[in-house]
Each structure stands twice: as C-alpha cells, then as structure tokens.
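Heads up: the structure comes next, in structure tokens.
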C-alpha cells in the first residue's frame, strides 16, 4: 500500500476543496479525498467519489448504505444498498472501494488489529460523507442565513491575515524571549489576543491534536499554521475547526459527554454560571434534537444545519430601500466653508438646546446686570473709591452675584415644587426641569468663582490699601472702619471677617466632597481617610449649608461700608428660597411619618440587588418613571436615598429595586437578609421572605418627578436601561401594557353595546386617550451579568404573555457573552435557539424574551426605528451609567437633523 507524503496530502486536499460558490453552482455536494481523523495519514491508490443526485432524484436515492463486516483479522464489505433497501447494480467506483477496503485487511493480522479501530471509523466517515447529501437544498449559503453564519464562528476579533499576524508575531517574540522560542499552552490565548484562557487552551489542544503535536508548547512555525487556520474566512474551515475542538478524541463524532464539556466551557468563557450548572441538561437537549436516531453521537453536518438556520425576521424591500437611503443621509458631511459650517452647527445646537439656552442666557444676563450695577455704584462713591479703587468695585459686584446664586441654588432641589410644576403646569414645554441638578451644579461653580473674586479683592487688595493709606487718605474711612488699623487682625476679628472665613472653609469642604471622585468613592485613600469618600460624606457635608446660610445672613448685616438697613439686601434675596426649602423639608418629614408603609415581601437577587415590595399608602399617586426617597432608621435615621419606583401605577403595592453600591445600601441589604430564607418552589432570588414583623421600619417620601414620566406624550418611545438603570423603564413597560389592556377592554365593551364591562369609577375614556398616546415601545436592557435577569424575570414574562398585539418590543443584552457568531458563544447560540423553540424560554435570561449577545449597535437601533416610523417624534429615555449618555444623545441629534423622524433624548438625573 502506497503512502502519501505530507506535501502530496496537502496538495490533494487543496485540489479537492470546494468553495461555497462551487457547491451552489453544481447544485450538488461532491466529496473526494482522504477520510478525516487518523486515517488521513494513509490513502489508497484509488478513492471513491460520492456525488449527490440532481434535484429530480428522490430523497432516498441521495446516498448509499455500506455495511462492513469487521473482525479481528479481517474486514469485508458485507453489502452495498440504496437507502430504500434495494441492491445496487455493479458500480465500478463502489467495487474499487470495496476491494480496496478488503485488500487493506489482508496485509497482516497484527496490522489489522492496530488498524481495526481506524477501519471502524470508515463506516462512520462514509455515513458522515453521505449524510451531507441527504438534503442539499437546506443549506443554501447564498441567502441571509449563510451570510449570518459566515459572519460568525470567529475565533479572533480581527481576522486580517496581514496586520493580524504581525501583531501575533510580535507578541510571540515578547513572550518567548526568555523561553527559547517555545510558546507555552498557558499563554496561547494571550499571544493570539483571545481573552478567555480556558477556551484558548481547548483551541490549542484541538489544533495540536490535528497536527499530532505533543507537549504543551509550540514554535513560531506551528503558531503560524494555527493562525492561518483560525483566521481562515471560509465558513467550512471555521466549522471544521470548531468541530475538531469539540471532538476531543478525534473520532469524527461528538458524544453527549463532549457536548456537555463544551457547553460548560462556553458558559465559563461567557460568564454564564446558570448554564454551566445545567450543562448536562442542555447537552441532553442538543442530543435529542440532533440525534433523533439515538446513535449516541452527532456529526459535523448536524452543526452546519443548526448554524445555517434562517433568521426569524426578514426585511421587506421597501424597508431595505429606506434603510439604504437613511445610510446615505447619515454619512458625515464636511463643509469646506467655515462660515457655513459654523451657522449650520449653531442652528443644530439651538434646535437641540433652546430651552437650556434661554434659561442660561437669562441667568447670565441677570448676573452681569447685578455685577455692573454694583460696580458702577461703588465707582461713584468717591470717598471709598479713592482709597480702595477698583478692588472694592469688583468685590461688591461679585458679592451681589453671590446673593443671587445663594438664593437660586436652593430652587433646583425643591423637588416637591418642581414635581408640581411639571405635573400641573405647562411650564415643562419651555423650562428644562430635567436639568435641575445640572443647573444646581452650574450655580455652585458660579458661587465658587464669585467667592474667589470677592475674597481675593478684599484680602489681597482692599485691606492692604487701607493699611498703607496716608492719614489724609484714610480719614473718610474712619466712619466705616474706625481708627486706621495696623494689621490684618483688625479686619479678621470683625464679624464680617470671621463669618466670611468660616463660610469659605465650610463651602470648600462641601464642594470638595461633592465632586464625583469623592462622592462615588473613586479615590484610593488610606484607610483612616476612607470616611471622606462615598455618599455618606457627601450627604452630611452638604448639610453644612445650614451653618453657611446662618453665617451669610450675619455677614450681610454686619457690613463695613453699608449702614442703612434697606441697603443690606442679603436677607431679601434669601427670604423666599429659604422659606420654600424649609417648607419642602417639613413636608417631607410630615409626609413620611403620616404615610407609613408595611414591607410585604423582600427578595435578594444575584448582583447584590435588594427588592422591597411594600404597601401603598392611601393617596399615594404616582406616574411610571417617577422616584421616591427611602429611609431606614435601622441603618441611619437621617439618610434618605432616591430610588426609581418599579411598580406600575395600576398596582396595589409599591416596589423598589436597590443595588448594593455604597455603605448605606450594603447595610440595608444586610438587615433585610437576616430575616430572609432560601427560595422554594422554583422562585427566583437568592433569598426571599414574605411579611415578617421583624422587618426593619421603612419610611418613604415622594413621589418626585423625573424625565421618564413624560413618555405618554410620545406615540413611539425608546427605553434604554443599563444594569440597574432598567428600574424606571420596567414601570413604564408595565404601565403601557396595563393602559393598552384597559383601552382594549373599553373598546370591546363599547362594541358589545351599553358599555358593559366598563368600570364606572374609572376616568372618562376621552381623558385616558388624551393623556396616553403611546402606541409602540422599544425596550433595550443591557447588563453584564446573567443573574441580573432574575431581577425582573416575572415582569418580563408577564409583558411577553400579555402583549398580544406586539406593542412592546423587548430586547435583553448580556454583554458578558461574546458577540453573536463568535466561536466562544456559538454553542450558546445553538442551545439558545433549540431551547427557545422547544420550551419558549431563553437559556441566558430565563425569560420568554430571547437575549442578544454583547453590546447593541445603537446606530442600527435608531436607524431601524427611523425606518419603521417616518414623520414621527420618538421619545428616547435613558437611565444608567453616564458613559452612554453622550452616544445616545448625539445619535438622537443626528437622526433628528437628517431624517424625518425626530428623537427627543431624556436622561434620568436624580
């Protein structure tokens, strides 16, 4: 028997490789070449070629059944039959194959024994080869299904063979510099740029196994071979690599145990702990689907069939054309004329921010007016100006703006007032109430600038000039400052100096601890200074304002240069805002104590999320998207923290979902966890408890207005929640379903006549229709952890069941999973499709809503909505980390300017 050299074998395989185009052009799936597995090392002088009949043949004529008689010392072809059981006529190629097999068996008893296992493989290989020809029409790779699959099964992120290999080679040289040019298996993933080390190790084993490489290290030549295979763009090559990776014993078959192992590996690589725990159950599901004959194994064609299944959704021709037109419109344009470009950008800016612009312009204008008024007033006071010059003008001008800003800074945090104005008036159309906290911060910056100008002008200019003035120059100042002082101490010990210095120190503390790096605990300070970071430090330091405002009033009364009471205007600026704010705090105190709540249910979910279900106080009316403050005396009697309400207005209870992110939330979770138990009866959550008298006492204050509550003004809404930011969106989704169901019941009752079934105590239909305009909602929830989906599993299932008209489009994204089509998530995607088709449950989220992998392409999300809703105003509501705010806002602006669909972007900010 003649052996083929490695070079000949490579040439042989290359010659008989068929591309996707060739397969389709011939309308059949030919096979030729050596058999896979260990038998590839040997090839007979003759080889059989199996061709698929044309489409006119019956389905049973597509392949033949060859029975081999395998004994310890011989192998014989028992029979060759068609699939329908009929004996085949003499065929030259089949005769050659049979004789070749029998000839191999007579070489020698010892050789046969060694080769018996390999020859058994012939039967499986023949079956595998002929099974490709059973239903060739099913694998039409010209269609979108193949395009989707070809895009996938990537083993690396970048498959550019040029630049990709250069980077890999560079990393190889760095890693092996001290290792004699040998790359260890443990660092293979690092070298090729694959994050999952465990998955990279299994890929290494598969590639090494195919090349009979022993040991746990490879050289650069082997690495180049590995790289060429995993960066191969051919779907067949990728599929074969994936198959070999799963087929650990290289017998050309995948057993249930191997499926279980690869499911566990894929789940581990994608941080899907729930799937990892159920790997055995899911392996049985895959075998049940792909091995209906209970052979105990599956072949490569079974994987291909699963990967090339057609997508569920198709794009109509009209929508596709619209999409292409939008793509052309949204291409970045560069205007060479700077004047034209400036006017265009200015126009777009004003269109997007006109509410903010007029408020800021008014505020800055008033400040400039007050500064100018005071500057001119002291410029005309010749006795004062002669000694202190322009310094006193600057100091008094800045002081006037400080009075205004110290009054205004309280208004944006008067939440009850803002909520009332938002709900009961039309001012929301012109006043950007959503930016209340941003305006609060901007005013704080203006205060710090004003304090700087005022203090520097006095301390570095006014006081030194008074100290160094001649007796004649100082004489007019005696009525204001007394006898000419000899040191700074004279000014400092005066009430004006003491109050001014103390106020500056207290405001510096409050401003510093309110900075994001301190408030969010991002600074890595020594342990004794850790208490200076976090929300608690911010909360308590902000209450220093009580002392600051008291000192400010004293400071404004004990003025050096102003004697008449009606010119001491500080208290006039502060009277109304301080009174309003005191009423706000008093209202909060009384409302929380008058409206007690009872904790009805507690659940602690994965991801350190605490869900509290509590009784709804009488008269507590709220809108979806709003939030309330929560206080727990067992943790801290003085701290109140805001949380979005996750229940819907139609529910008879209130609920909040609280993620453990700081000291207060961590302690709150601890005190409730102590009275919780492990869940039973398949309920979700790590710990659960129904009503228990030992629950700590909880107070609530609210509800308060938020941007998301305005969703009812839009016919189409896009709801985006990042992690725990899904909380206000969940309430909105539930409310939309409740409103749609109520409207359908009313319309059905009216159709039946006499309003039968209509709730007589409900608001009039016209009022409902006027206040609720939403007809379509898109909800995107993006989270890192699989366990996060447990937070709202019941709600998601409820919405999926109730939304019969598909008004709400739900999209769950798990970013810990590699993008759809990546080899590391390929088996997860297969499993997801099988389980959802059979049981209607997604394996990632555990809900009826099928999850997506990796991050959404937000541009495509906006584009699809623009295609589906021409000439429509869409409300975009986002709650989550600030990182995504800029991207979503910019996309809303771009699509609004360049398409007929207008997107209004709103971000939750409380």
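Keep in mind that glycine also has a Cβ here, set from the backbone N, Cα and C atoms.
Note that TrEMBL annotation is computational and uncurated.
On a predicted model such as this, the values are computed, not experimentally measured, just so you know.
Copied over from TrEMBL:
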COMPBIAS  1-11  compositional bias 'Basic and acidic residues'
DOMAIN    234-269  domain 'EF-hand'
DOMAIN    592-710  domain 'FAD-binding FR-type'
REGION    1-59  region 'Disordered'
REGION    747-769  region 'Disordered'
TRANSMEM  357-376  transmembrane segment
TRANSMEM  497-518  transmembrane segment
TRANSMEM  538-557  transmembrane segment
Request  = Kindly report the helix/strand/coil residue split of the domain 'EF-hand' (234-269) according to DSSP, in that order.
outcome  = 26 helix, 2 strand, 8 coil
Key: Spatial neighbours of the transmembrane segment (497-518) far in sequence, C-beta under 8 Å, 6+ residues away   = 444, 447-448, 451, 455, 458, 491, 532-534, 537-538, 541-542, 544-545, 547-548, 551-552, 554-555, 558
Key: Counts of helix, strand and coil residues, the domain 'FAD-binding FR-type' (592-710), according to DSSP   = 18 helix, 44 strand, 57 coil
Query = Given the model, what does the mean pLDDT over the domain 'EF-hand' (234-269) come out as?
reply = 75
